[in-house]
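Trainee: From TrEMBL, here are the annotated features:
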- 1-30: signal peptide (SIGNAL)
- E143: active site, proton donor (ACT_SITE)
- D273: active site (ACT_SITE)
- C339-C371: disulfide bond (DISULFID)
- E385: active site, proton donor (ACT_SITE)
- E407: active site (ACT_SITE)
- T491: Ca(2+) binding site (BINDING)
Amino acid sequence: MTPRKMKPQILLRSSLALASLLLSVHSAAADNGHSSRKHLQVERVRVDEEIAIEDPVSVARAAKVKDAMLHAWSSYEKFAWGFDELQPQTKDGVDTFGGLGATVVDALDTLFIMGLNEQFQRARQWVATSLDFNKDYDASVFETTIRILGGLLSAHDLSGDKMFLEKATELADRLLPAWNTPSGINLNRVNLATGQAHNANGKYTVLAEVGTEQLEFIALSQRTNDTKYQQKVENVIKKLQKSFPVDGLVPINIDPKTGRPSPSIITFGGGGDSFYEYLLKAWVQGNKTEAVNFYREMWETSIVKGLQSLIRRTTPSSYAYICEKDGNTLIDTMDELACFVPGMLALGSPGFAPRQAKRILSLAEELARTCYNFYQMTKTKLAGENYGFNPGKDISLNTPYNILRPETVESLFYLWRLTGNNTYREFAWNIFQAFEKHSKLKTGYVGLEDVNTGEQDNLQQSFFLAETLKYLYLLFSPPSVIPLDQWVFNTEAHPLKIVTRTTGPNNSG
């Protein structure tokens, strides 16, 4: 049965399922004394009215994405419960993040948003009884923050369950020694049991590793009324601000002793990406007040003077792409990781004056076209990891593997929310279908070793549940599900509540 021929009662059941997020959020709030029955009734009417005008195709597609999440989660529960990630080919689990149950924590908010209440409760029980941070394990500060700390905080914000906040606080306290450096710039590894910190790659911390903890630690300070978390991560930004380049493009190697960048690659791909993302999102998280304007000012410099100087276009098809930069040399290569940029530009565009906002949004749409073409040009219609650009050849695939990454889908989500253009939904649906065709096994989802041959790997990445499937689901859900004026997504797609900042950069507001 095609979506356009769905029976009315099937459409109604699917529509009500889509409403489950906001209803469950407000129900949880009511249980905690934060909402009234009258407010619930008003919200129910508002959500039902909005869903009623959703087209049946989108309703059916959201249900398909939910089915995919159920398949990925059930496979993990069956074969890898408690491990960090599932290996679908060998039907077992692997601890890629020190045994912190990365998939459980990463998936909490996706389960909640999709209304998968039984699965959420089982995950919640595991976190409450089995998640142990007292491990002799050198944790990645970056990965542990965005996946585990972010996942716990988001689960708290959505459900109101204080257990998640208590766990988040314990984890953050174990991560804090990483910031005990002469400059306050954090090291990138910390032993969760001993607090011993070091840089895994020697002298430098990578830019994304120092600039992608702000949302989570600021949120924790706001929820606990303890400013120490915010102070640590916000001091990093103030330190970088002192030597901020005129064009806002920061080399990726940062010396934690001096707090200054060292000559190295400039990129919006791996190593640089989420630093720029968090400059914008910290401003959004603070509700765009004067107290967080310094984030916006730094971000605008990085975009207007920096990013736009890296934009080139191919021949003959004029695909826009973002160069990397080594010294004064531009390198005609772009990671799929950099495909978060169109969404970032769309999210930040309303903060510009109208004419500039239009130019920024137009650039976002151009870059999204390029990123979508990364998918369409391969035999599986799934994107590789890195692409090159040569005169007369448009786009060339450099690195052929795909690990279920979310960045392009993420940008399609923001562009659809900001423009209402259903083309972005169609692009996303095509990508989802390619995942279903080439990455789905009976035992979960896997990446591809080669996007042209279709050779598969043996890992269901936790971010596939946290990000890729969440953004796909939200693309086919009403905008009232996680509205962008109330929530901000961390770089692992964990939504955090926006809290107005009314005080200075070292106070939680």
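In case you wondered, yes, glycine gets a Cβ from its N, Cα and C as well.
Curation plays no part in TrEMBL annotations; they are all automatic predictions.
Since the structure is predicted, the reported quantities are computational estimates derived from the model, not experimental observations.
Provide an account of the burial state, proximal residues and distances for the features listed.
Mentor: Sequence-distant neighbours of E143 (active site, proton donor) (same chain, 6+ residues apart, CB-CB distance under 8 A): F97.
Around D273 (active site), the same-chain residues at least 6 positions away in sequence with a Cβ under 8 Å from its Cβ are A208, T267, D335, L337, A338, F340, T491.
When Cβ atoms from all protein chains are considered, those within 10 Å of C371 (disulfide bond) total 29, not counting its own.
Taking the Cβ of E407 (active site) as reference, residues of its chain lying under 8 Å away and at least six apart in sequence are, in sequence order, E336, L337, A338, C339, F340, C371.
When Cβ atoms from all protein chains are considered, those within 10 Å of T491 (Ca(2+) binding site) total 25, not counting its own.
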Trainee: Restricting to the chain of E385 (active site, proton donor) and a gap of 6 or more, list residues whose Cβ falls under 8 Å of its Cβ, or answer none.
Mentor: D335, E336, L337, N398, T399, P400, Y401, N402, I403, R405
